[in-house]
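*Asks:* Below are the features I grabbed from TrEMBL:
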type	residues	note
DOMAIN	528-661	domain 'STAS'
TRANSMEM	91-111	transmembrane segment
TRANSMEM	131-156	transmembrane segment
TRANSMEM	196-219	transmembrane segment
TRANSMEM	269-289	transmembrane segment
TRANSMEM	301-322	transmembrane segment
TRANSMEM	352-371	transmembrane segment
TRANSMEM	430-462	transmembrane segment
TRANSMEM	474-495	transmembrane segment
Amino acid sequence: MSLIINNDDEDEFVEKQMLNQLSQENYSPVRLRSFINHYGTVRPRISTKNRLKNHFNKFYSTLNCLYIINLLFDRIPIIRCLKEYNLRKNLFADIMSGMTVAILHIPQGMAYGMLTTLPPIHGLYVSFFPVLLYMIFGTCPHLSIGTFAVISLMTAQAISGTPLQSFNIINNQSYVASNIYDEIIINEKVGIATTLAFLVGLIQLILSFLRLGFLTVYLTEPFISGFTTGVAIHVFSAQLPSIFGIKSPRGIQGAFKLPRFYFKLIGSIIQNINWISTVIALTSIIVLFTAKQLNDRYKSIIRIVIPSELILIIIGTLISHFTQIHNFHGVSVVGPIKQGLPSPTPPPLQQISYLIMPAATIAMVSLCISISMGKMFSGKHNYKVSSNQELLAYGISNVVSSFFQCYPSSGSLTRSIVQEGSGCKTQLVGGFSCIVLVIVIVALTPLFYSLPMGCLAAIVIVNMKGLLFQIKDFFFYYRISFLECVIDIGLYAGLCTSFLINTIRTQKPHFVVLGQINDTEIYKNVKLFPVAHQYDNIKILRFDESLYACNSPFFKRKFYELIGIQLRQEPLISYKKQNLNKIENIKYNYVILDCSPFNFIDTVGVKLLIEIYNDLKKRNIQLYLSECRYGVRRTLELMNFYEKTAPNIIYITTHYAVMSIRTESDNNLPKMTIATQI
């Protein structure tokens, strides 16, 4: 039960004293227009034509040869890095960090190259060419560009979703040797992957030129977490055939692809499991997991990260070579690897229609992952990362690399953390990493012929550990990966969900009633602050969002609901005595709308305020606004808001509005009351 308790005599005396003091002042600064005239300035209205003219005049006034040169140099950050490079302070740290990251590039490049269904050498190409280009155009020295499991799997999905034209050529031939058949298929897959990289880079360049880096904010953290977890499940599933030494099930497409894949996989494991491959893979997983745990535990003591993956590859290759397990036990190995750097070849661009949507998806996901890591490192080490410059760097890296048999590249979290922890100082760390990689590609690739596929599968699975453990956050993103079970469908559902959630949050924000805290100028939500008191004939409201077309229907309905007016349509057959459009127990003569949360207001919002003002005026209720920002006031002026309502409708603060209403009211206002619960 609630009771109405009157204020004591002392509060009444203070209140009357405040009102008397207020009435004695001329009160010119209370209303917003008089406040601006008294203290501020009014910006003159400039037509669009003159505004564009002033902009171009300002631009051309600073345009000269040196300005253009500096502008070009700013787009090539490596020039500033070389100019300001401190040999004594940075050189040794960059060399050691570059060599450390290169050691990680070698096994991960080969493993993730196999993940795309391409030969492992293409993973090494992606570990070299994009890294070299990002060193020139990138702005984050701690970000390691190259192969990444998520992008590699998405590339594999794009390749599998593109029909191979070579099938028609082969079917028309009476006999084709097995090795020639495989070579034709691989060459076409490489062409599809390079076309995909070209399209991804082109999209990123367009986003950079249009300065649309802000679009990544719609790929929210819960969405990225859910999507990468779903991808990690697919990555893990794709490695299981190599773990058990069997061939991967083929021809599985459409909905529920993952359950059907596991159904076929289990049957194949039962019939054709290779126990030697299984033992090699499981032993590799245990060794890698233990080594990474030791690295994490003793990283403060041991400054250099133990290259467990490279050690595993070397030991696995030596054992496989000298025991000939491929010949005697049927263990799958990497096989012959192309030696040397590829000559530049343009992407074929023949099946571009099948790759536009996968390219757009990969471009946005790689952009979001890479920029989020870049911002994380920039905040930690206090330097600036430009989203649009990063877009330019990613775009150039992918477009140019597509001419050298590379599939799309992205930033890698694991390598970036190692690059940071190993003492990286500047962008030149990528150059030192490329020196090691070019030696491997040109001279050492034949040494990996006997490397068991189970070792590469183990490297991928252990590096996916962090992403797989994100499944504990299932509540946030189960619609993205669990219900869909297909990566591309899950991604589009996640994007739509992200847009839908952001729209819903702005469509139905909080709409609250405010009350005054004691005798202060502070007004708070009466539900959260029960001591806040309201005046009998004044209703103070606050809409906690900008007012625009999408939330204007909710604003109108909730506004009238809070002041006690029902706008529901009368039923055709009356079943109640009262009229639903009549005011029910309305005792307010004034309504104040606190506009402080308004970042902007559109034309629909302005028209709605005019409509509400005129409707309330017919009901003998006066509407006032308070605390409107400049952008909001400018829109009101352009929409002739004051001519259609009243010239002095806006107050500088909510408290000024309340005190002015109480002073200028012709009626005797009731005493202040406090609503308390007992």
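Including glycine, each Cβ sits where the backbone N, Cα and C put it.
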*Asks:* Could you tell me the mean pLDDT over the domain 'STAS' (528-661), as a whole number?
*Replies:* 83
*Asks:* Are there 3 or more C-beta pairs under 8 Å linking the transmembrane segment (430-462) with the transmembrane segment (269-289), counting only pairs at least 6 apart in sequence?
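*Replies:* Yes, the transmembrane segment (269-289) contacts the transmembrane segment (430-462).
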*Asks:* Going along the chain, which residues at least six beyond the ends of the transmembrane segment (91-111) come within the CB cut-off of under 8 Å?
*Replies:* 85, 120, 123-124, 126-127, 131, 144, 146-147, 304-305, 307, 309-310, 312-313, 334, 412, 414-415, 418-419, 422-426, 428-437, 440, 448, 451, 456-457, 459-460, 463
